[in-house]
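The following features are taken from TrEMBL:
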{"type": "COMPBIAS", "residues": "454-468", "note": "compositional bias 'Basic and acidic residues'"}
{"type": "COMPBIAS", "residues": "492-507", "note": "compositional bias 'Polar residues'"}
{"type": "COMPBIAS", "residues": "573-583", "note": "compositional bias 'Polar residues'"}
{"type": "COMPBIAS", "residues": "603-621", "note": "compositional bias 'Basic and acidic residues'"}
{"type": "DOMAIN", "residues": "11-359", "note": "domain 'CAF1B/HIR1 beta-propeller'"}
{"type": "DOMAIN", "residues": "745-936", "note": "domain 'Protein HIRA-like C-terminal'"}
{"type": "REGION", "residues": "409-551", "note": "region 'Disordered'"}
{"type": "REGION", "residues": "569-644", "note": "region 'Disordered'"}
{"type": "REGION", "residues": "848-869", "note": "region 'Disordered'"}
{"type": "REPEAT", "residues": "67-101", "note": "repeat 'WD'"}
{"type": "REPEAT", "residues": "126-158", "note": "repeat 'WD'"}
{"type": "REPEAT", "residues": "169-200", "note": "repeat 'WD'"}
Amino acid sequence: MRLVKPAWVNHKDGKPIFSIDIHPDGSRFATGGQGDDAGKIIIWNMAPVRSEEVERNESIPKILCEMDNHLACVNCVRWSGNGRYLASGGDDKLVLIWEISRYGAGGSVFGSDSKIVECWRPTHTLRGHAGDVLDLAWAPGDIWLATCSIDNTVIIWNAEKMPEQVAVLKGHTGLVKGVTWDPVGKYVASQSDDKSLRIWRTRDWQQEAIVTEPFKECGGTTHVLRCDWSPDGHYVVSAHAMNNSGPTAQIVERDGWKTSLDFVGHRKAITVVRFNPGILSKKFKKDLTKPQQYTCCAIGSRDRSLSIWLTALKRPLVVTHDLFNNSILDISWASSGTELMCCSCDGTVAYIQFKQEEIGTPMSRADKTHLLEKIYGKTVTKTSASSVANQIIESADILKLQQQRQKQQQNSSIVLSPTEKSKSESNVLGMVTPTKSSSSFYRGVDMTGSPFKPTDKQIETKTPDGRRRITPIFLPVEPDVGGAPAPFTGSDEIQFQSSKGGSSIQVERQDKVTQGGLLSPQPTGSPMRLPNLESTPKSNLPPPTNLMSPLAGEKTFDAVVLPLAALDKESPKVSQSPKVSDTSKPLPSPSEKKSLSSKRKHDKDEQPRKRGRPRLVDKDRARHQHTIPSTPPGPGTQGTSHVPEHREPVRHVHVSHDLILPAPAVVNNFSVVVLRGPGDGDLAIDVDNSIPSGGVTLNKVKVSRGGNTLWQTVMSAPIIAAAGSRFITIVACTDCSLSVFNDIGQRVLPSIILPSKVAILDVLGQFILAVSCTGSVYVWNLKKKQCVVKNEQLSGIIKGSETLSKAYLAADGTPVIVLSNHKAFTFSVEYGTWLLIQDRSDKVAQSSSHFYTRPKPGSKHSGTLSNLPQSQDSQRVVQCAPDSRQLCTLNHLESQVMSCLALKSPTEYKFWMHTYVRYLVQEGVDTRLRQVCTNLIGPVINTGSVNTWESTILGLDKRALLRELLPLFSENLKTLQRLYTEIQEQLDMVDAAHLT
């Protein structure tokens, strides 16, 4: 045995230290007590306490961190079992949960000479007590946290969902000064000044037993009453008790809560009892064949003495008298079981080290767990805070649902790892979520403590002039807090637990020639060439939203975004002529390239001097329309047109209050390709604005398929834009007219005259979208011969320096407007106004725990909403307070559901309803969950009155959707089993009555 009192461990000027606790890794310990003008917590390096040589080494820090966030004295500090959290309670009625931060070390505490080696920050503030918090304890498995206060209550907190309260235990009539957990999580015990020790069940948080007999002669003379439970669970030992007017530590046996035994010998009231965490074994007699198993208990008293007891012996193993000048207030054992520290009200601490020969050999953790399971069954560490294993099931349907869910979890756990299991659950609806499991991904950051590593290769390609081009990969910033700290080794740098493998970035060199993202104007006379699309790698990013969604049976098309070509890895195999989605500014014929290139260069030189000049419209505004040259096919091309090998840089329109949008330029020849369904063949719309005819110049439109002309016609005004579908073709001319033709070239109606030239043109089925240069938006439904959207101005949604990026049609002719800041709008005909359907820069959305959730691009649940462009800033997540995160998540999910309704997207609506209901179930928000079920189930009893309820929504049967959502209730049967039973019974009644 070795006893040390390190004088350098103090809170200065002899201020009292009320609590001490050794970290589970044994490399640091925390003390809590009084500071200069507030409560103070200090985290100390354990190495100088153990070794005198290390203590003399001035290069090794003794203080790792000082925290003074508590407004009043700190009464208790406790590390969580996994070492990730530090909980502290004080006279300010608050409980703070601390986590280590990766940033902030290296400085010094204000007003102190000590250097900050580690930075610990409060991540949760638990408010609920009405008085001083005197003691706290983590439950086995760190699923609950119990705190007690002078307000006569014990509060149980859900450690998995801070700061959620699980229960408030009321029953004590005096100050509650101690709390401890049963090692198998079945009970929690609390001791109070009301001369009682109470045992509470964790199954229903009701009182199991009350012990009063040993405490009848006790008085409230101690600052704390820190009781503790033995590691084998057989008994709980109280603090201050009396036996024949002498102070004792009462042993309360688990079997019947009998009080026939106690620890005696101290001269004054006992303040603290702390058991060694291990179950020990040792041969006390040589003639014993097997070592005897026992536990070890340390007891501190107001008589300034410390006694160490082994339950196999009738007398204490060791007693230290006059160890301090004042009462002992707290004791802590290291996880190894051979080290002990205690603190006193005199502001000093003591360290005692035992040898295994003296104290015994501890049982391994696996053997200890096996022993507890053998005695008590499965421990609470196998379950979670929301477990319903001990819950009374009130319905056979609930029991069946619970059994089905357990069977699914068992089947998935056989094959999948926890991370893969999380992925598989999210993939049921084609959900894109972070790769970390939901339990380790909190507030948008990884909580496992593993360092971030690149998840892809760094791609290296070459430009046409031979220069290397390296595509960077995204390395996210490490989160501020999260993860258990690594054992402190004496280094001044903060360390975190991580895998042994280093972060090595692999470079993949591709023998491909790529073009720059934004092409500079070519020198005069140099040909403008576009990279061969067959050698253009395939982008890993989701494809941008097409401006024309094909109808059922039409071939879908992923627009090629050339500025991202360097990110691609694989070359798409193009069976037909590649097509470029662009009709707003058709590309010139080869004969005009030289003059236009020179003009662009001149414009670029002069543009910086013309400050008020508006920028051009974003050219990516037609999804199925691709400009191709109209030059005759060369030998061996078999009549297929070539793609021009140049594309203008994407430029946005700067929209001012007068809403002047530039119109597409007039060029002699351009072509547009309209994609059709598989087997139908694509249509090519060829425009020639230079047809001489008897001294005048006409403008011809020709529509062909596979080189065969289907129909053609001429226009009097130059054509600046064209679009089409399988049903109609529409051309826009410089005289502000729109001409619409059917599939055989007949005019459908007279020319439509707009107030100005067309800036953007799009066609979807028999819907036409036109955006004029003055910012007016029109949508026509040719099948019904009606105007869906009439002369709606963009000035209401474009503010300040925002620019118009693209405009296109979604399902049922719904217009979608996307701005340069990636806000997206649609126009509601029902409400007659613009609706915001996406804002990735919104702080509320970024604070949502489902900010990254979306259907996988290309999956059956993807649609217009999921295909909207994402900004780079949308990768950031705002770290808001936990109590605000639920509000932000509910706001975000409800906005997504409503946006799907506005866009008339049934697949996305179904996806987001599943996500929304699952979150309501997990959080137990029964009021909103009940409202959702009520809206979907409709009237259950036919009252004969007028029924305005509609049985479908976006073509989906509401009650069928509700039946799909009901199984999600199994994730929280503890709270929602009665609601589930009620809704299930109503659905059965509807089926029986055949209500529609």
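Keep in mind that glycine also has a Cβ here, set from the backbone N, Cα and C atoms.
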Kindly report the helix/strand/coil residue split of the repeat 'WD' (67-101) according to DSSP, in that order.
0 helix, 20 strand, 15 coil
Just to be sure I understand, if DSSP states are collapsed into helix, strand and coil, how many residues of the region 'Disordered' (848-869) fall in each?
0 helix, 2 strand, 20 coil
Take every residue in the domain 'CAF1B/HIR1 beta-propeller' (11-359), average their pLDDT values, and give the whole-number result.
91
Counting each residue once, how many in the repeat 'WD' (126-158) are helix, strand and coil under DSSP?
3 helix, 20 strand, 10 coil
